[in-house]
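Student: Just dropping this structure here.
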Amino acid sequence: MALKLLKSFVSSIPTHWCLSMLLLLYQASHKTAFASTTTRLGRNETDRLALLSIKAQITQDPMLITSSWNDSRHFCQWKGVLCSQRHLRVTRLNLESYNLAGFISPSIGNLSFLRIVKLKNNSFQGGIPHEMGRLFRLKFLDLSINLLEGQIPGNLSHCHNLRILVLDQNKFIGNLPTELGSLSQLVALTILSNNLTRPIPASFGNLSSLQLFMAGENMLEGNIPGSLANLSTQLQHLIVAGNKISGSIPVDIGNLVSLNTLGLFDNQLTGSIPTSIGRLHKLQLVAFGGNRLSGEIPSSIGNLTLLNDLGLEENNLHGNIPLTLGNCKALLRMNLSNNNLTGSIPREVIGLSSLSIYLDLARNSLSGPLPQEVGNLRNLGFLKLSHNKLSSKIPSSLRSCVSLQYLYLDNNSLKGVIPQSLESLRGIEELDLSDNSLSGEIPKFLGSLPFLRKLDISFNDLEGEIPVGEVFQNASAISVSGNNKLCGGIPVLELPSCPDDQPRKKKMPLGLALLIPTVCGVFSIILTSSILILCWLRKMRKQPSVASSLMDSWGTRLVQQRDISELVESQISSVGTKGTIGYVAPGNPHVYQIGVACSEQLPRERMTIVDAVRELHLAKDILLERRTWSNVSKYSTAGSPPIDKTSSSMKYFHN
């Protein structure tokens, strides 16, 4: 009975009420679990609130990185946040490359346990909060590739443990804070591509742990501080290129014996290159281009046997290229262009087989022949010797430079022909031989180089026909102007047509050319007259009156020297033509056609003497009636007589 009452009570409870109770039980258990997690992890309100303040200053979060920054989980579990295991305090904030935008909240200074901050490659703007100077545990700060502006706060010097400071590619202005010179543990300071001005602080000579200093592409002024020589044992990379730094290169730079990279290009440096540079035996890159340096290249530079890259272009250096550069057998690239260097190209330098990227000696006053040792550059991709005074022939040893893609020998005094040996340069893309004294024909192999897309051979003394080939069909890829003996090519080149190369038949002398038709004509008239007279004599016996009138007619026309065609027409009107060419009745125009064929102006159209005699004999036979009218009837009925089209005489008459 009791069981039935219980079942009845349970069935009377609404279903939705049960579901509500279950939901309440779940929420209670979840809160209990979160509370236990919070108790287990600890809950520092300072760090949590600081992070929420940082989130509040982020105005754009397309990847929803901070969507997890809420009370549903402990802040140590928020994305981009890392906490220490012991104190459960925020030690790392990594929001790199999330396309975030907004401002860096001053509350970041409350994360007092922070050691690493990475906000690189976002769109944060505004300035660096001064409150960051409170982060005395900070070791790594990377704010590069953002839109930050204003001055770099000097109180970053309070971050005594700071080792890496990266502020590249922002919009910082003003000077480099002198206070940063107190960061004795700083290993790397890079502030590339900003708008910083004024000199490099002398206090940076106190950065005793500094290994990397890059401040290129700013507007820094003044001299290179001599105090940097104090960083003799640690500094490995010094790059202050692309500024307005003036003065000379400090002689004491030779004290930086650990230096690996020295980049001073695109400044306003003057004076000579100090010979003390030869003491920097670990140097792999020297870049002094784009300054106003003068004097000679010091021979001590040959001591840099580990050197990979040497750039001294666009200065006022003079004198010879030092032979000692041949000792730099690790060189991959060398650029000495746009100076006032003279003398010949040393064999020891042009023969450095290690050069594999580029060699540029253009726009100097180098003279003499291009040494055969250039053939040692088997791995070189770029060779430019333009605008010098090089003479003699292009060396055939260039055939060995099979890796060349770009070869510029223009604006020199090179002579001779374009050597066939260049055919080996199958990978060449650009070839410039313009403004030399090259002669001979353009080699045909240039048209078959598979990758050649630019060819300049203008202003030489080349001759002959433009070859065929892909590069010669593209007006934008080729330049041949200034070669007055060239012909042919595509119309846009506007060159004259080439003469016919076919061997011409020997021209017949004018006298003989006139004699042949004259003889043929006279012979035809005499033979025709003889035949007609013979016919008249035979017919005289039967029809004296007709023969007499015919004689008068012929005599009158001959005396008056009328056109033969009139005679033929009179004969045609008196007798008429039967059949087609192959037979014409007496008074036949065949004789006239023979005369015309013998009188043609062009030899190939003129009938030969042999053919003329043959045709005249045929006409005589017709007139002497050796062919019967039955043959005429047959030809007339059949339509056309059989014609031997292979006969040499038929080519003059057959329509």
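Cβ atoms are placed via backbone N, Cα and C, with glycine included.
No curator has checked TrEMBL annotations; they are predicted automatically.
Annotations per TrEMBL:
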- 45-84: domain 'Leucine-rich repeat-containing N-terminal plant-type' (DOMAIN)
- 326-462: domain 'Disease resistance R13L4/SHOC-2-like LRR' (DOMAIN)
- 633-655: region 'Disordered' (REGION)
- 1-33: signal peptide (SIGNAL)
- 510-537: transmembrane segment (TRANSMEM)
Student: Pop the mean pLDDT for the domain 'Disease resistance R13L4/SHOC-2-like LRR' (326-462) in here, whole number is fine.
Tutor: 97
Student: When the domain 'Leucine-rich repeat-containing N-terminal plant-type' (45-84) is classified with DSSP, how many of its residues are helical, how many are strand and how many are coil?
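Tutor: Summed over the domain 'Leucine-rich repeat-containing N-terminal plant-type' (45-84), the classes give 19 helix, 6 strand, 15 coil.
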Student: How do the residues of the domain 'Disease resistance R13L4/SHOC-2-like LRR' (326-462) split into helix, strand and coil according to DSSP?
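Tutor: Secondary-structure composition of the domain 'Disease resistance R13L4/SHOC-2-like LRR' (326-462): 26 helix, 41 strand, 70 coil.
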